[in-house]
Amino acid sequence: MDLKVKVDRSRDVSQPLDKLGPDETLKANSDQLRGTIAQSLADPITLAVDPSDNKLMKFHGIYQQDDRDIRDERRRQKLEAAYSFMARVRLPGGVCSTSQWLKLDELGRAYAGNTLRLTTRQTFQLHRVLKHHLRPALQGLREVVLDTKAACGDDTRGVMATVNPLVSKVHADVYALAKQASEHALHRTGAYREIWYEEERDPSTVKSAPDGSEEPFYGRTYMPRKFKIGFAVPPSNDIDVYAQDLGFIAIVKRGKLAGFNVAIGGGLGRTDQAPKTYPRLASVIGYVGVDKLFQTIDAVMSVQRDYGDRVDRLHARFKYTIDDKGLDWIKAEIERRLGFELAPAALYTFTSNSDPLGWVKGEDGHWHCTLFIQNGRVINHPGQPLMDGLREIARVHKGHFRITPNQNLIIADIAPEDRPAIEEVMKEYGLDAFETRSQLRLNSMACVALPTCGLAMAESERYLPDLISKIEPLLERYGLTDEPITIRMTGCPNGCARPYVAEIALTGRAPGKYNLYLGGGFHGERLNKMYLENVGESAILDALDKVLGHFARERTPGEHFGDFAIRAGYVAEVKEGRYFND
């Protein structure tokens, strides 16, 4: 590849700030993410923060939201919106100790409406935290060595890793590398400590980078947009590695972790009214040994840092940089920065992106139990005090917890002699109810959406369980109750629940209206395609009745629902993301 080919640099970091989007100026002039956040927190007149600080606080893992259920009523009463904040914990690989769980339980009860939310990127979210509770909440996290740094914003977000780290030595090794990757890619500014822990500014952090900033890698303007990293261990693709900006697929040789296939340019966010936006699956470009992992992370991220679009944020993700510049050019530039060529990708096989629920024994003889947590919502339901039950398990459990990328929870590292005690708590609190659920429900996932997400156009978490209850009679009619089919719902097209790789997906368009997609790959290897646009519940159920019935009658042995939807002609196969909207 000829690296001397001229590429368009009119929209990247090489340009003056006044030629770029306003967020670039905001970041550059933010004093390394400090802004006036401290002053906004101290303002007693409003429940909100300054709009500029609201953007900067995302780098601190915090989103300003409001209760949309009462937004119109408060507007009629000429009151400010009911503002609160969501704080997202940085938890690489989803690993959580029992002491950390108990602290999060305490914070959820004190500051977040008696609930916790497990996310699709293996972490916790605390919703409805009031402005004056943010510092106490984040300082509480610090007590158990947790924080919310870089959980949002134009940085690396949370680093994912296939669970369960204790099932095998390879899983443990991959988790350790994912945790190191999270620290390696973390921004270095002291803003977080100063604002949330109220520490004095450390003079040693100033001018540690060539541009005089505190960020040797990121500089003053950080990344063009979010950048997601994930580690998958075949045959499980639970992290949806093809949906990551940078994915590492573990390659095992003679029972040991040898290295990783490198996949770049995944990302599922899109906008319905902007056809230039589309989901894209990551492209596998080669293989690196474990010893080259962090060098590879730096090389790939630096290409996006330097060449990503900083004019149009709808076009700023790495997937667009790759499609604009060309995959061959991007790969060659990565290799130039590495100083060596990537080896050919090694063979691997994925079989599923779902969670095996129930009990499994690890190589060391210890047990692990995966619990179904519907849509990741940890809360006390009538007849099923889930939050209380998990708190009780945390009190008696001697191992750890693992949050899965499907918003479920693993009680991990249970010694054989301790299993009866765990089973007793599970039975007492109804935590084993997943054993009677349909496979469709067990393979479902929804984003939070209303009432707290400002981007949601329709319900998601609060609606999907009810919709599944109306689909389940169809499954029973056609003998498909035990057939694993992935279904995912989001309240908008941005894709937080990774809907565009599901076999059935619904994305919100307006209250009660959704786009219906079919044909995603069972293990996340293929994008789905729109089947119906902007339809309500009755049309969704009628469509699924037709397709599920056809599937039950004419499927071939071992054929998955998504594969059938394409073979039967309900939707066309999407070969590349750029053709998703065709």
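Just so it is clear, glycine is given a Cβ too, placed from its N, Cα and C backbone atoms.
Residue ranges 1-26, 53-78 are listed, and Swiss-Prot annotates 1-26 among them as region 'Disordered'.
Look at the binding-site residues CYS447, CYS453 and count other Cβ atoms within 10 Å of each Cβ; CYS453 has the fewest.
For the region 'Disordered' (1-26), the number of residues in each DSSP class (helix H, G, I; strand E, B; coil) is 8 helix, 0 strand, 18 coil. DSSP assigns CYS447 ([4Fe-4S] cluster binding site) to coil in the three-state reduction, outside any helix or strand.
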